[in-house]
Amino acid sequence: MLSSLTRLQRYYLYYTGIFLLFVVLLAALERAGMPARWVGYAFLVFTVSMYATIGVFSRTTDVSEYYVAGRRVPAFFNGMATGADWMSAASFMGLAGTLYLQGFQGLAYVIGWTGGFVLVALLLAPYLRRFGQYTIPDFLSARYGGNTIRLIAVFAAILASFVYVVAQIYGVGVITSRFVSLQFEVGVFVGLAGILVCSFLGGMRAVTWTQVAQYLILIVAYITPVAILSYNVTGVPVPQMVYGQVLSEVSKLEEKLFDSPTELEVRDRYRERADQYAQKIMQLPHSLTQERERLSIQINELKSSDVQMREIVLLERQRRELPQDPAQARERWEKEMYEALARSKPPLRHAEPFPGDSEAERNAQRINFLALIFCLTIGTAALPHVLMRYYTTPTVAQARQSVFWSLLFIIILYVTAPAYAVFAKFEVLSNLAGIPIAKLPGWVAAWAKVGLVSIEDINGDGIMQFAELSLNPDVIVLATPEIAGMPYVVSGLVAAGALAAALSTADGLLLTITSALSHDVYYRVFRPQSSTQFRLVIAKSLLLVVAVLAATVAAQKPGTILSMVAWAFSIAGSAFFPALVLGIFWARATRAGAIAGMLVGLSLTVYYILRLEFGGYSWLGFSDGPLNPWFHLQSTSAGVFGILAGFVTNIAVSLMTRPSPQAAEFLERIRRPGGREESP
Amino acid sequence: MSAPSSYWRKTSRLTAWLLLIWVVLTFGVTWFARELNEYSFFGFPFGFYFAAQGILLCYLGIIVHYSRRMRDLDAEHASEIDPE
């Protein structure tokens, strides 16, 4: 059987075998008494040195190898590499948690992120491959002519990719600091080294082959814990098949639990707290001084009595941590108020689509759900680092097949994520809710210490009600090994998988940014006569600069980093999708139309995000506070307006201007049958 | 501009049909998820199952069909390929 495989397939089979052996060996060592911290180190060192080995062996000084892996990547492996390229730390850690918190509503991410690949397959991949250059700006510039559109495309590609790459490096910092207990900033730069060993010497060629290796690790790491959990709960180790039954159990438990008297009481308490905060905010600045005085009086009273010092210190700290001025108080109390308000609402039923109290509310939910799907699909089909991968297959037919493999490998993870969420919810509802707080299992306390789980006994009955527990979305995947009582080696495996997901995506993004700068800006616009060697020197040095820059930004821990990932989709979608699709399918689209469409789409999206998220900041020039959302759409769906405006502007301006002369020849070339042609 | 070749006509017709199916699945069926949840499927409420797994398999199906049809179409028009 082994001989029927290609050489590459055999290599990766050996590689997977070695990795599994390594995991088994570590499990044995752990049983023999190796400390957990060493298990973490072993995973980190072993996987990163595997990637480094592949990276060093794939080093290259050939331009075509550096940008498009010599167009020799078979469809199957390109699919795997695209899978790893595509699935970031957000997919790996965040998706299951989002599904846990939002139930059916979270499925918008699953549908959107996979549906986009249908658009890639039908509308983009075969044409990009037939065109056969190096970057997305290359394609737009050849179709519409001129360097203006190239530079706009470069700008949009860098804008979308840079926020995304910062988020990945940030993710690496979080993983290394939590599992190997490195300092966060050190973790970020360890991650940087991990990214550079893959991409610096070998460009796309090295990135492709390490991404295949990373996909294998991440998928094993994702499925193992939930399969074991599924076996423990249902006796069948295929969670994707059996979680339907668990889901109906969950629904029954929800029915029983959510309206029980104690849950209602807890939610009432939260409502009261929200009201208190609302009152305090209304009475600013008076309420702040009052608060400070109240604490001072209490402290003085305690000091004169003979209570323990500990309680006084506690109160003094409370007084110290009071907001400094009314503006800060408003900001902090509003946050507390919204949090309490959210927890006072009846929890979502996991399987219920578009929940709401009235028909209008349900419709708003439905529209937000579909709008989010729309943005995510179009964004998926427009992210340059994914599209670039379809330049690397040997033929057009292989490019089409390779989309199939990409989607298949991605779906393996995406059908597992909802199962994670349901199993976790089952565990929480059946084993945690209603348990005395003193008797909660150990993993709850362990994650509470890191601040990802918090429990607050608001009604003071010593028992944890469902509404009293709050989980950070990232915790679901990371804590599942402990929930199911597995040894630490499984946790180490999950950390290695999350690391692989973050590193592979960061590599692809970094390569997109550097090829946009070195190929599109430096070579195509400034120095068309530069030698190929020199172009590679430029590309490699830029890679280094951009990587260090991204790591420096990530080390600052920018707070809103995860929502920035969602914005990257809207930005990429509104800038690229209309220009690419109209460019291929509508001969009449002109240069002026495309430029206008890209600018309008991009500006509208960026404007909507800025107004909605940063409306209150006067230094950005907005003095009248945050914008009211249009049609109740959140900023993560900002792309809806940008994409539609991009299409409308492109079509309108194109009809007003004269068609570009080179378009006909270009379209003739990419619309030709291309069955067996070899790489140019 | 010359008249579009029959290859391109067939390609765009196939693309349009598959795209229509994609739109109906993604935005049409999902719209009725509440109503579909009344039915049960392998223990799942059907609306939930469709959004979590069914629709993904349909997406794969669309891509497989496109890839096959285009391969055949390429073979039919093999004589029009000029050497690069």
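For all residues, glycine too, the Cβ spot is worked out from N, Cα and C.
The structure displayed is predicted, hence computed values, not measured ones.
Per TrEMBL, the features are as follows:
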TRANSMEM  A:12-32  transmembrane segment
TRANSMEM  A:38-57  transmembrane segment
TRANSMEM  A:77-101  transmembrane segment
TRANSMEM  A:107-128  transmembrane segment
TRANSMEM  A:149-170  transmembrane segment
TRANSMEM  A:182-203  transmembrane segment
TRANSMEM  A:369-391  transmembrane segment
TRANSMEM  A:403-423  transmembrane segment
TRANSMEM  A:488-513  transmembrane segment
TRANSMEM  A:534-555  transmembrane segment
TRANSMEM  A:592-610  transmembrane segment
TRANSMEM  A:630-653  transmembrane segment
For the transmembrane segment (A:77-101), distant same-chain residues with Cβ under 8 A (at least six beyond the ends) = 8, 107, 109-110, 113, 164, 167-168, 171-172, 175, 207-209, 211-212, 214-216, 218, 222, 380, 385-386, 389-390, 392-393, 398, 402-410, 413-414, 417-418, 420-421, 424-425, 471-478, 497-498, 500-502, 504-505, 507-508, 562, 565
Chain residues in Cβ proximity to the transmembrane segment (A:534-555) (below 8 Å; excluding those fewer than six residues from its ends, i.e. six or more beyond) = 61, 63, 66, 162, 165-167, 169-170, 173, 184-185, 188-189, 191-192, 195-196, 199-201, 203, 506, 510-511, 513-515, 517-519, 522-523, 561
Top Cβ-contact partner of the transmembrane segment (A:149-170) among A:38-57, A:182-203, A:403-423, A:488-513, A:592-610 (pairs under 8 Å) | A:488-513
In the same chain, which residue numbers or ranges, 6 or more beyond the ends of the transmembrane segment (A:12-32), come under 8 angstroms Cβ to Cβ?
-> 2, 5, 39, 42-43, 46, 50, 212-213, 216-217, 220, 487-489, 492-493
Other same-chain positions with a Cβ less than 8 Å from the transmembrane segment (A:403-423) and lying at least 6 residues past its termini are 75-76, 78-80, 82-83, 86-87, 91-92, 95-97, 99-100, 103, 106-107, 110, 113-114, 117-118, 120-121, 125, 215, 218-219, 222-223, 226, 229-230, 233, 239-240, 243, 246-247, 250, 350, 389-390, 476-477, 480
Which range out of A:107-128, A:369-391, A:488-513 gives the transmembrane segment (A:182-203) the most CB pairs under 8 Å?
-> A:488-513
